[in-house]
Structures are given as structure tokens and as C-alpha cells.
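Features of the protein shown, as given by TrEMBL:
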type     : residues : note
TRANSMEM : 20-37    : transmembrane segment
TRANSMEM : 313-334  : transmembrane segment
DOMAIN   : 313-432  : domain 'ABC3 transporter permease C-terminal'
TRANSMEM : 355-376  : transmembrane segment
TRANSMEM : 404-427  : transmembrane segment
TRANSMEM : 479-499  : transmembrane segment
TRANSMEM : 711-733  : transmembrane segment
DOMAIN   : 717-833  : domain 'ABC3 transporter permease C-terminal'
TRANSMEM : 766-785  : transmembrane segment
TRANSMEM : 805-826  : transmembrane segment
Amino acid sequence: MKTGLWKNTLREFRFSRARFLSVTILVMLGVFVMVGLRSVGPDMRQTAQLYYQKHHLADAQLSSSLPLNATDRQQIRQKVKKVQHLEFVQQLDTKLDSTDRVIRLQTISPQLSRPRLTQGHLPRNGHQVLLNARERGQYHLGQTIRVHSGQAATLKTRTLQVVGFGTSAEYLDKSQLGVTPLGNGKVATFGYLSVEAVKKFEPQLARVQFCLKSHQAYDSQYEKQAQVWVHKSQPALNHLAKKKTQRIQRQLLQFQQLAAINPSAVNPQLEQQLRAIQAQGPIKYVFQTRNDYNDSYHLFGEDIKRIESLAQVFPYIFLAVALIVCFTTMLRMAQEKKKDLAVLSGLGYGRWQQLQVFLVYGLSAVIIGALVGAYFGNQVLTKEIYRAYGQSFVFPSLKLHFDLIGFTSVFLLSLLVIVLPSVVLAWRQSFQAPAELLQGQTVKTNSRIFLEYLPFLWRRFSFNYQITLRNIFRYKLRMLMTIIGVAGCTALLITGFGIRDSLQGLVYDQYTRIAHYDELAQLAPDLSSKEKETTVRQVRQQAGVKKADLVNSRQFLVADRQSPGNQVITFLSPATNQGLQTYLSLYNLDNQRRWRLPAHGVVITQKLAQSLNLRVHDRMSFHDHQGHQYRAPVAAIVQMSTGHYLFASPTAYRAILGHNWRANGLIVQNRTRTKQDLDQVARQLNQKETIVAVTRTDAAKKVINETLDSLQALILIIILVSSVLAYVVLYNLTNVNVLERVRELSTMKVLGFFDREVDMYIFRETILLTLVGIVGGFIGGKYLHNYIMMTVTPEVIMPHLHLQATNFLFSGGLTILFAVIVLLIMSQKIHKIDMLTALKSNND
């Protein structure tokens, strides 16, 4: 008996290969997306954490506007709280060999943020250097390099021997290594020296490791604790900086008094140094956590958060659509097998033996689909997403781990949805008498659908459509499953295409329609008003410059509501209320009109307002790097696709900061935006003694483009898996529909209906339900797209949430295409129906 039972079970696999394969594929797709998306976030965290551990990345960094002497260093050690390790680093920018490439050199600290060797050894004396590992193609071990310009004079020798190559956790981005006042304003590479390489050790940086229980990167508890100790230490550091500023001012006053009494007793060189220090303004000690001082660290963490946010929504929608269709399919299988249950019961098989085919069939589909989906999700999808997001970073290959909890949850849910319903239904049927099961299901008579109660409408339908509508509402569960399945797939396709639409025009909108300037130059702090006017006049006369004006430009910080770090705000205030109109088009959110800066209050950008939950007339708070707090009323909110900006008129500037407006920078618009012209203008600006730093918009544009490019792979994955899901869903549900109508289709064939009429008897239902599902998908896709876009885009990017008409055309068109393919396949199946066998069987 057992042999016959197993033969019957295996025969079921052979005769319903298409159904088994479709259920298996649906389970595989659901597990593939669920395991892949749920795993990639933790895997990226672990990969980054191991990298930071190997490089001993510091928890925080203190930067000084003036080199720190031995007394300064001792005082700082006493004031920074909760310190486990504190090490000072000297940093200098210079040019490499005979080129214009800028190299940033740092002294190697004993323990924190040390470079990790990939080849060679660390510098052992003042004549050796370790270079960025990415320079191995251009330099080799033992080669000599020569540095010049910039701060090269602080080195004992300008000729250095390359003794090693390595990586550093302080430079995570492959191309964005920092800005510099040299050359074209970009740091091209980095290197490490021993302390013996500098003439005098005068560090500007201090790296700090706190005494914390955990140093787990991107862990909210760790980030909060590090931020707390930074905030607690900053007031004491501000006091130290203030005392040093006052000490220098007293020394300079003493020199002036001594010079008035005895000029020959004054050291002119020392006096000149003190005057230069005083001209730089008050000394500042800026203490920041990793999230604030290391932009690449912060960006990678934001990428992880976006992926994890996406994994909280997208896989569950995908899995729900797949399992709903599986549920319908397996339920129909149990209804089909009533006669088999009757036969098995009559032959003396027990109830559990009768259920064997459902258990083996369902378990096989779930186990095979889950294992294959988990493998490819973990090995393919996870790696592809990491490759897309991590291609601009220097991290090694992804450290994979298997999400056993997530897999087990999905596996058990699949068992519950696929195996349990068919087993429960078959179990209930096994209690019926075999004769009752063999009689088949009695069709209800005199049942009417609600449209039949509306005769003025019902009479307008042809006979064929009346039958179609009756059949649709007769099988309500399948109708609902078809609509939900098609709607879910269409919504996922709209989301995929919508992300592409939203990102494509973002850079163009920002840097063509809104921002028309190309450089922001920072002026030296000791310049007089006349020198500033002379500088802006000279810049206007430069080749390649179209327009230039004086502005006040600075950066403020605002607490991030969603993470322990801070968000950076660029503050811009022109000399007049209309001073920015040439360089920026500020469009009001409500009426799309260009804004002029109001006399009172600040104008903020849309994404900043959204992040801080601000509206017009609210008051916003922000602070500088020293922790000084400022408040300002919000006068208007304007469009800005990338970055957080705050704009203020000279009058509003004085009300907010408490002193009269004064220029500290230049805003420059070039004649053309070719790379050659941008480099040339930036180089000319950096060569001016009155300009200390240049920020280029094309650098920000490049970062945004890299970020958006990384999302393209994710978009492609969403579209591909959604397309496969749409096809399998339509095939499965149409196949169930055909199997339910075998007797009806055979009857129509016997009565002489043409093949086309027989096909349309089934296909009208599929077409109508598909169209209804597509409309539902359009509605659901809009909301899903908006949520996903606000989730996956960086915190400083305001995505375009509108969907183009082509998006709906592509998504609906793909779904219809899959439906047509399925109908063509089903047409062949209908033509092969054995009419005699079908008519002899009872109606199921």
C-alpha cells in the first residue's frame, strides 16, 4: 500500500509540473528578496566595523586653528573627558613631484587611526613615506618622490623614499579625500610620515578614543555616548582657546609697549608671527565625533540606514504578493483532489496517509524554493547591493553572514500559508463519505450578482460579458487574489521605474535651474574692507569668470532627529537683499515664484524643513562648531534638491548673529562649466594670497552623481524581480482559472464554439481583473514610491516625488505584456483539453 501511495504522490508532481514549478519560484522569489535585503545592512555594518578595528579608528577628533605647543597639548589632555587614548597628529598639504597634484601628509600616531599596510613597511625615519595603496600603479617601493609648495618647508627634507603602501580609515572615499588651499582645491592622495620627518612637531589635530563599553560603529548607543562626551568637553576647550587668544593679545600689546620705549629690544620676527596669529581671529578648538569630522564614515552609515529602512517595507510587500498567490493555488489543489481522497479512503488508507500528497507537495515546494532563494539572496543580491553602494569606498569584500532568524521566519510563514491551508481543507474533506466526495460540488442556483439588481445597467452588457461578470463574482477569492497580486506587482514596477524618474532630473534641476554659481571662496580673516573689494575686482577680471560678489558664508550644525550626529547647514548672506539672485533661483514651494530675501527671518530649504519638521513662522535653532547657539524665525521655505541651506539678508544676519554684516568669502559664477575651465578658475583663486580655501560645486555634484549611480543597480534589481513576480503571479492565477473551468470549456467545444470564443470565455476574466489590478497598482505604487524615495535617498537630497506618465505606461505595459504571454501559453493548454475525459468527470 505504501508503494502505491508514493507512486500516487510522484504522479502528482509529474502531472502538475507547471503548478509545482510556479509555487516553488514564488517561494524562491519571496525568500530571495527577504533574505538578501535583510542581510545586506548587518553585513555592511560588520564589514565596516572590522575595517575600523583593524585601523584603530578614533572615536573623535579635535582640530585647532593654530598649531598646538607642548603646554596646549597638556591642557587639552586634562580637559577632554572620559579619555582612554589621546594622540596628536601634524598634518600638512603639499604638491607631489613636478605635478599640481596635492598630497596630504600626516605623522603616524602610536595607536589611533593608524594606516594599515598592504605592501612594504611603515616609515622608520624622517626620509621615508608610506603612500595611499591606490598609488601602487604609479609608484613602487624604493622610488623617490619630491614634494614642493604649500607646507613643504615644515619638512626636514623634501625628498622622500616610498617604503610602503597602505589604507586608512580616515580616507574611506576613493576620490573625495578633502579640500585644500593648494592647486585646484582637491586633495589627490595621502601619505604618512614618522614624527622625525618634521622640523618641529606642531600638531593641529588630536585623535581621541573614549572609555566606552562598546565601540561598535553605527550603533546608536555608541554614537550617543561619544556625542555626549564631545559636548561635555567642548565648553572647557572653548575656555582654553579663549585664554590662549587673550594670552597672544597680551603678548602683542607688550611688544607694542616695548617698541614704543626701546624699538631695538623687540624681536621683529616674533612680533610678525604674533600679528599674523591675531589676524586670523579668535583661536578655535573644534571637537567632533566620527560622524561629524569624517564625512565618508557618516555617508556609509547613512547608506546602511537607507538599506535597512528599505528592508523594513519592500521585502514584506513582495513576500505577501507571492504567498497570497501560493495560498490560492494550493487551496485549489485541495479542491481538485476530492475524488482522490474518496478513492484512497475507499481503499482503506488512513487520514494522514490521504494527506501525504499535500504534505509532500507543499513541503517540497517550500523547502526547495526557500533554500534556493536563501542561497541566491545571500550570495547574489546581498553582494550586488553592497557593490552598488560600496563602489566609491575603500572597504574590502563584504563579510557575509546568514540571517538565520529571518530565514526561519520566512520559512515557517511559507509553510503556514502554503502547506497548512491545503492540509486543513483536505483534512476536513476526509471526514466526508467517499460517495459524497465523488459526487462533486453542487453549484448554487438562482444566485445573482449585485449588477443584476440594476437592470438599466445589466441589460447594456452583452451575453458574453454577463457570463464573464457572473464567473468573476462566483469565484470571489480568486478574483480578490488576482487583483491583489497584479496590483502588488504593478506597484513594485512603478516604484522601480519611479526611482529612476525621480533621480534622473535631480542633478540637472539643482545645478542648472536652481544653483548658478560654481565656486565659494573663503577670504583670509585679516583682510580689510578695501582689500576685500580689491580681491573681488581682481577675480571679476580673471579669465573664465563671469561674475563674482562678496558674501558671508559659513557652516552651522543642527541636531539630527534621526541619528546622534549633526547635519551641516551652509549659511549664505549677500551684501544686499538682491545679492544672490544672479547665483541662485530660490523658488517658493507653494507658487513656484522666485523669492527675494526678506528683511527679517531666514529662508531655509525644503529638505531641511522636512528633517526638522519646520514650517513658516516657526523658530529654528542651530549652533556653530564651538557649541554657540543661535535662533531665527523661518520666513520662507524654498526648493533645493541637494544640501541644507540657510539664507539671510544683511539685516537678518545682524539680528541672528548679533553683529554687523561683514564679508568673509566670494561667490563666483564661471562663463562655462567644462572641467578644464573649472580647474583653471579654482587654481587661479587658490593662487591668491587673500583666498585661503575654495569650495567647488562640481565636487558636490560628483558625490551626488556617485550616490545616485549606486542606486541604479538597486533599481534594476527591483524591476527585474518585480517583472518575474508579475509573470509568475499571472501564470499561476490564470492556470487555476483554466483548471476550474475544464468542464465548461469542453462543453463549449462540443457545442461548436470556435477556439477564439472558447479562449475569450476565460481570457475576458483575466483581462478585466488584470486591468483592475493595474489601476489599483497605480494608486498603491504612488504611495509606495513616495515612501521608498524618502527612505533610500541621502539625508541631504530632496527627491522629486512626482511620477511621469511614462512610468505608468511602462509599468502597466509590462504587466499587460506578461498577461498576453500567459494567455498565449494558456490558449495552447485549452486547445489540448481532452473533452471526453473532462465531460465524464464530476464538477469540482
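Each residue, glycine too, has its Cβ placed from N, Cα and C.
For the transmembrane segment (20-37), the list of distant contacts is 13, 307, 310-311, 314-316, 318-319, 322-323, 325-326, 329-330, 361, 364-366, 368-370, 372-374, 376-378, 380-382, 385, 403, 406-407, 410-411, 414, 418, 721, 724-725, 728-729, 731-732, 735: same-chain residues at least six beyond its ends, Cβ to Cβ under 8 Å. Taking Cβ pairs closer than 8 Å, the transmembrane segment (355-376) reaches residues 5, 8-9, 12-13, 20, 23-32, 34-36, 326, 330, 333-334, 337, 340, 402, 407, 410-411, 414-415, 418-419, 422-423, 426-427, 430 in its own chain, all 6 or more past its ends.
Broken down by DSSP into helix, strand and coil, the domain 'ABC3 transporter permease C-terminal' (313-432) contains 97 helix, 1 strand, 22 coil. Secondary structure of the domain 'ABC3 transporter permease C-terminal' (717-833), assigned with DSSP and counted as helix (H, G, I), strand (E, B) and coil, comes to 98 helix, 1 strand, 18 coil. The list of residues near the transmembrane segment (479-499) in space but at least 6 beyond its ends in sequence, with Cβ under 8 angstroms from a Cβ of it, reads 314, 317-318, 320-321, 324-325, 327-328, 472-473, 711, 714-716, 718-719, 722-723, 725-726, 729-730, 733, 766, 769-770, 772-774, 776-778, 780-782, 784-785, 788-789, 792, 803, 806-808, 810-812, 814-815. A Cβ distance under 8 Å defines the sequence-distant neighbours of the transmembrane segment (313-334), meaning residues of its chain 6+ beyond its ends; these are 16, 19, 22-23, 26-27, 29-31, 33-34, 37-38, 358, 361-362, 365, 410, 413-414, 417-419, 421-423, 425-426, 429, 477-478, 481, 484-485, 488-489, 491-492, 495, 718, 721-722, 725, 728-729, 732-733, 735-736, 739-740, 784, 787-788, 791.
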